[in-house]
Amino acid sequence: MTQRVVLAYSGGLDTSVCIGWIAEATGAEVVAVAVDVGQGGESLDVIRKRALACGAVEAEVVDAKDEFAEEYCLPAIKANALYMDRYPLVSALSRPVIVKHLVAAARKHGADTVAHGCTGKGNDQVRFEAGIASLAPDLTCIAPVRDYAMTRDKAIAFAEEKGLPIATSKKSPYSIDANVFGRAVETGFLEDIWNGPIEDIYEYTQDPAVAREADEIVITFREGAPVALDGRPVTMLQAIKELNERAGGQGVGRIDMVEDRLVGIKSREVYESPGGIALIAAHQELENVTVERELARYKRQVEQRWSELVYDGLWFSPLKRALDGFVDEANQHVSGDIRMTLHGGRAVVTGRRSEQSLYDFNLATYDTGDSFDQSLAKGFIDLFSLSSKIAAKRDVAP
Ligand code: ARG
């Protein structure tokens, strides 16, 4: 029986050429799988037909938008996940859900190999292959661009020679990855890290410098998950989409940064994640109100580690799974409302209310009649600073 390879297919030039390229290099049949994570662009049916026209024996499209929002974006919000304190893991979150569907397709179509269109320089090759290794250790991975030296010029020549139904001319200067949680733009003039981003590269966000009226929104959370906007119940996917519109319309969620890739390279990326940034800011503040101090402090460390694991492609690893358990437990009481003003590129919290609130007005108030016994503070500080005092008696000259 002819061997089969499942290819992660986007519909673009590179993965379209991969179909024939893999077939020639390996003698295998290629099954193309396109996963919809809200990347927009062409309809998936057009993409499916193109895969067949390019020589795939089978082509499948999977609508994974709700699954992506609920099982991949939501955990990131609960973890306030920001790699290097800034990047909401947009691309890193989508790879594991794509991997899951590639593995399912490999099983269904009897394939023993999975292929992807990544180069050998980025994080995404690691995320695909580490993900496959964790879900299906028996499958082999190949990356034609990396393993069979399929350069862009060779891909264009191949497409023209075989008459593949794909445009080979309009080459965007950027490398773009998008899904419902955000967009990542790199290469082109952005590779000179002194060059500022131009308005042209943004799609999910408006210029924050343009004058417009502020937008106020109330986000309701239940156990860390956004469940309503301005009192209207929403699914996770709807919450992200509506916030992409409203926060994006105010220029919220633009990020321009140099980041540390797993492969050791520093790279410049411009991201936009209006929904992601607004949701994380709101969620973080509700945690401030509802999570006990020691748990909250410890969670910051867990969040950083969680983000690094996901960035590094270890979504399906035992440590990430265990940290998910911690993050869920820490989110037990993160229920309530956050009011936010979206304006001028910022999402600013202006109000919080929660039945799970640990904020005690009578303890916090500076008005007369508070319930905090200030006389206890003196003895507390004496003992709290005792070890420093003893050391200072030895170390500090009088
Ligand atoms: N550097 C980001 C990451 O590793 C985004 C990579 C996505 N690809 C792109 N063509 N911009 O998650």
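Glycine is treated like the rest: Cβ placed from N, Cα and C.
Sequence annotations record features per position, and here TrEMBL assigns ATP binding site to A8, Y9, S10, G11, G12, L13, D14, T15, S16, G117. Annotation for D14 (ATP binding site): spatial neighbours G117, V145, M150, R152, A155, criterion Cβ-Cβ under 8 Å with sequence separation of six or more. Mapped onto three states, the DSSP output places D14 (ATP binding site) in helix.
Residues or ranges marked as L-citrulline binding site by TrEMBL: Y87, N123, R127, S175, E259, Y271. In the three-state DSSP scheme, N123 (L-citrulline binding site) is classed as coil.
Residue density at D124 (L-aspartate binding site): 22 other Cβ atoms are found within 10 A of its Cβ, drawing on all protein chains shown. Marked as L-aspartate binding site by TrEMBL: T119, N123, D124.
Look at TrEMBL and you will find 4-165 tagged as domain 'Arginosuccinate synthase-like N-terminal'.
For 174-390, the entry in TrEMBL reads domain 'Arginosuccinate synthase C-terminal'.
Between the alpha carbons (Cα) of R127 (L-citrulline binding site) and G12 (ATP binding site) lies a span of roughly 20 Å.
Each residue contributes its Cα atom, and for A8 (ATP binding site) and E259 (L-citrulline binding site) these two points are 26 Å apart. Here the binding-site residues are Y87, Y271; the one with the fewest Cβ atoms within 10 Å of its Cβ is Y87. Of the residues the record lists as binding L-citrulline, namely Y87, N123, R127, S175, E259, Y271, the two whose Cα atoms sit farthest apart are 19 Å from each other.
The maximum pairwise C-alpha distance among A8, Y9, S10, G11, G12, L13, D14, T15, S16, G117, the residues recorded as binding ATP, is 13 Å.
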